[in-house]
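Visitor: This structure is in structure tokens; I'll ask about it shortly.
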Amino acid sequence: MIINPKNYEHIFYSRGNPTVEVDLETTLGIFRAAVPSGASTGIYEALELRDNDKSRYLGKGVQQAIKNINEIIAPKLIGLDCREQKKIDNMMVQELDGSKTEWGWSKSKLGANAILAISMAICRAGAAANKTSLYKYVAQLAGKNTEKMILPVPCLNVINGGSHAGNKLSFQEFMIVPVGAPSFKEAMRYGAEVYHTLKSEIKKKYGIDATNVGDEGGFAPNILNAHEALDLLVASIKKAGYENKVKIAMDVAASEFYNSETKTYDLDFKTPNNDKSLVKTGQELVDLYIELVKKYPIISIEDPFDQDDWENYAKLTEAIGKDVQIVGDDLLVTNPTRIEKALEKKACNALLLKVNQIGSITEAIEACLLSQKNNWGVMVSHRSGETEDVFIADLVVALRTGQIKTGAPCRSERNAKYNQLFRIEESLGANGSFAGDKFRLQLN
């Protein structure tokens, strides 16, 4: 039973801004949760409530979200059974907040950051009440098998561009994906060895300054285009000895360089007043992706087009979707209504699952199940602004999605998730298996 939800503003996430953390006091003890924060956010995401008071944290404070927990949510939680996850989530989202857009519940009154912190803490309390691990409890909530469980392939973001880096590179993330490993533990070893090899290659080619790391632990050397980044990755994978065992994934984050008036994409968007020679139409971008997939071992492309460019998403999925995972992040924002539209338009074939995009554990599970029911892949994801909370590590095992991206094997807030997955793999023993190259298949 819930006794008293306590909360604190002053924990920082990884970019040095405050975020919401909750301590949920129950008859079983105290259960804590902290929420992450994105940088390149989709316009259809549930609202992350910030104070916009420029005198505190340059407007990034979360006092209003904290106040909403204290004055609106907390009084309604006292005495409730923490095992009633769906009932409590729906109460917060639909009754206490109640804000809505054409895409569903928007959390614009209380803030998705306020609601999600409580939702995560309640989930942890529910697991304790059921005397089980968090990953098995969430699996039960989702109606999944808890006897044999799946460890995910890590998608390690090792080269940064786009809005995450100060270089010229337009595409936001280049990831290494160790699909050829026999276990999660070995996959992380493959990934770490490629990462350190890449660091040496970057240092030789671009200088020691180029090995500074970005928000997610990846490198941001002065790379000019995707070909250069991919050549560097292929060379590092080969030098580390993992050719054919480690593949490549990209997050383009194309909404960041889309011009809605001209319906074009500027691959030189970080150069002010550029000569427009790298401006592409949607079709030209489709052709570029097809060319890259033919030349490099790319198995997944996330956000290849703007969040409203349904037409070109569908073209690309039709062209290469059989062999390559086309992932919707800004396109879908973990929103079941957006997923339904994408299914109707055959726009993509995979969901990027970010719990803070939708704002409650119940809705995140719903988005995952809808995607899996329609034979999509699902990649569980961190945000670029993270805390040491490891909830998503348990979530990816619970939902059997077979793939997770939570940064490079660098920076403690990233490695915290990978370390939790090491622990889960160890605890499962023979009852856990590694997704490997079957990460796109239904592992239910």
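Including glycine, each Cβ sits where the backbone N, Cα and C put it.
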Visitor: Using Swiss-Prot as the reference, determine which range in 41-46, 197-202, 275-280, 329-334 is annotated motif 'DKSLVK motif'.
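Guide: When 41-46, 197-202, 275-280, 329-334 are checked in Swiss-Prot, motif 'DKSLVK motif' belongs to 275-280.
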Visitor: Look at the Mg(2+) 2 binding annotation in Swiss-Prot, where E302, D329 are given, and name the residue from D231, D251, D389, D394 listed for that site too.
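Guide: So the Mg(2+) 2 site in Swiss-Prot includes E302, D329 plus, from the candidates D231, D251, D389, D394, D251.
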Visitor: Going by the substrate site in Swiss-Prot, where H164, E173, E302, D329, S381, H382, R383, S384 are listed, which of the candidates K136, K203, K405 is also part of it?
Guide: K405
Visitor: According to Swiss-Prot, one residue among T101, T262, T281, T337 carries the annotation phosphothreonine; which one is it?
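Guide: In Swiss-Prot, T337 carries the phosphothreonine label; others show none in the record.
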Visitor: In Swiss-Prot, which of 57-61, 87-91, 102-106, 342-346 is labelled motif 'Pentapeptide insert'?
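Guide: That would be 102-106, the stretch labelled motif 'Pentapeptide insert' in Swiss-Prot.
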Visitor: Nearest to D329 (Mg(2+) 2 binding site) in three-dimensional space, by Cα, is which of the recorded positions K131, K373, K405?
Guide: K405
Visitor: State the non-local partners of the motif 'Pentapeptide insert' (102-106) in its own chain: residues 6+ outside its ends, Cβ under 8 Å from one of its Cβ atoms.
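Guide: Cβ under 8 Å, 6 or more out: 44, 46-47, 93-94, 335-338, 359, 363.
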Visitor: Which recorded positions (K131, Y137, E216, D251, K354) fall within 10 Å of R383 (substrate binding site) by Cα distance?
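Guide: Hits: E216, K354.
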Visitor: Of all the binding-site residues given, H164, K405, which has the fewest Cβ neighbours within 10 Å once its own Cβ is left out?
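Guide: Relative to the other binding-site residues in H164, K405, H164 has the fewest Cβ atoms within 10 Å.
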Visitor: Would you mind checking how many other C-beta atoms are within 10 angstroms of the C-beta on K131 (N6-acetyllysine)?
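Guide: Counting Cβ neighbours of K131 (N6-acetyllysine) within 10 Å gives 8.
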Visitor: Compute the mean position of the Cβ atoms of D251, E302, D329, which form the recorded Mg(2+) 2 site, and then list in sequence order the other residues of that chain whose Cβ is within 8 Å of it.
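Guide: Neighbours within 8 Å of the Cβ centroid, excluding D251, E302, D329: Q172, E173, M250, V252, A253, I301, D303, V327, D330, L352, S381.
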Visitor: If H, G and I count as helix, E and B as strand, and all else as coil, what does DSSP give for T337 (phosphothreonine)?
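Guide: For T337 (phosphothreonine) - judged by DSSP and reduced to three states - the answer is helix.
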